[in-house]
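Here is what Swiss-Prot records for this protein:
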REGION    1-25  region 'Disordered'
COMPBIAS  1-10  compositional bias 'Basic and acidic residues'
COMPBIAS  12-25  compositional bias 'Polar residues'
DOMAIN    45-312  domain 'Protein kinase'
BINDING   SER55, TYR56, SER57, LYS74, GLU123, SER124, CYS125, GLU129, GLU172, ASP186  ATP binding site
REGION    76-120  region 'PIF-pocket'
REGION    78-113  region 'PIF-binding'
ACT_SITE  ASP168  active site, proton acceptor
REGION    186-223  region 'Activation loop'
REGION    322-369  region 'Disordered'
COMPBIAS  355-369  compositional bias 'Polar residues'
DOMAIN    381-486  domain 'PH'
Amino acid sequence: MLTMDKEFDSKLTLQGNSSSNGETISRSKSFAFKAPQENFTYHDFELGKIYGVGSYSKVVRAKKKDNGTVYALKIMDKKFITKENKTAYVKLERIVLDQLEHPGIVKLFFTFQDTQSLYMALESCEGGELFDQITRKGRLSEDEARFYSAEVVDALEYIHNMGLIHRDIKPENLLLTLDGHIKIADFGSVKPMQDSQITVLPNAASDDKACTFVGTAAYVPPEVLNSSPATFGNDLWALGCTLYQMLSGTSPFKDASEWLIFQRIIARDIKFPNHFSEAARDLIDRLLDTDPSRRPGAGSEGYDSLKRHPFFKGVDWKNLRSQTPPKLAPDPASQSASPERDGSPWNPTHVGDTSVLQNDGHNGLSESSGSITRLASIDSFDSRWQQFLEPGESVLMISAVKKLQKITSKKVQLILTNKPRLIYVDPSKLVVKGNIIWSDNSNDLNVQVSSPSHFKICTPKKVLSFEDAKQRALQWKKAIETLQNR
């Protein structure tokens, strides 16, 4: 089992060697964490909706039972971390978050652990993800995009001045406070530079992970695909992709697979919509320069050159956080939820409501049930699944997915039929593990999409969370909703 007592304790001692007159001297330096390890268990919290799901972690809304304080609780699976050699990333994220102090970065309050999991209690951003605002509005106005990107620039300047590269800037990692200000989250891929002002573990700034692929495919710069060392320019490329997505509603290199996305990135195959202003087009074009040293913010002028760009004309950089943010588009699924039920565990009326694509998929509602097959992704359907169908029943959509629980996950085959039925099957034992009660009423059966890979199927009695590695979450939503409205 993973041992992280030292890294998650109240004090950390770093060992290092130095040389004096040819002799090697062992030195140590210790510092106290501002966010200490507490003697809590997850039973001390009322766990609510899932904010996000990663490869080895989940972030859930957690209310402390004794005082009512709400946190975003990051729950990390020790076994998976050890198996996948992610220990260094977890340690580094904890150490870095403890030392960062900026209004545009999520705050770490405390940590705790048990035999199975590590827990980090983070600031809860009740406004959801910037990704949500883009999808609910279709795309953002230029004024909205200018405000949000300016706050990202402000936080990135601080991060880079501290000698850190975030390496996973994207709309899903840009969280919003209840009043609408941006906070950068998820430092699980952070990379400290040699001159970092952050106290880190020995060798954290010099190991070979600087050239390792991390981040998200659609936002990865070409130099990373060519195995070049990480630079601050990596984050500036991702900023350009994010600004493009704010203004257009989609990422600039979107394609059907990661391989195709990478080919478009390497070829710099980018098309600007006609509604982009000249200033917006120019800034994005410069941020997406194939030479990372030429991106605004990465050159000798630093962030001054980025802040002076015409796109940011009128931005009051000194008083940015005191400005009035754009109005947040509410989640339609949460409007009918009564206030007193807010935060109740697994409340299907608003579970996961910080990341729902309610505006997507509506174009398919008028299609007949016979045309649903155009939406469906048939994932290696063969005779193994035929045995689970009733006479005359046919498959409309099927995928190998992970069924996610609070801590663990299990591979299942999710099947939607024309009856209609929704079932999930254990692919190894070939037995039905669950039958999701069908209803044409969206109040009794609805799908909530939190990312291209993650979605929830909600019924009055339970909420089932799934991960589709082939990023067909939205297709599942469309297929089910089209069948409901046939």
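Glycine is treated like the rest: Cβ placed from N, Cα and C.
When the recorded positions GLU123, ASP168, GLU172 are compared by the number of other CB atoms within 10 angstroms of each CB, GLU123 has the fewest.
For SER57 (ATP binding site), the number of other Cβ atoms no farther than 10 Å from its own Cβ, over all displayed protein chains, is 23. Using a 10 Å Cβ-Cβ cutoff, CYS125 (ATP binding site) registers 20 neighbours. According to DSSP, SER57 (ATP binding site) is assigned to a strand segment. Looking only at the domain 'Protein kinase' (45-312), the predicted model's pLDDT averages out at 91. In the three-state DSSP reading, GLU123 (ATP binding site) counts as strand. Broken down by DSSP into helix, strand and coil, the domain 'PH' (381-486) contains 16 helix, 45 strand, 45 coil.
Distance between Cα atoms for SER57 (ATP binding site) and ASP168 (active site, proton acceptor): 16 Å, as a whole number.
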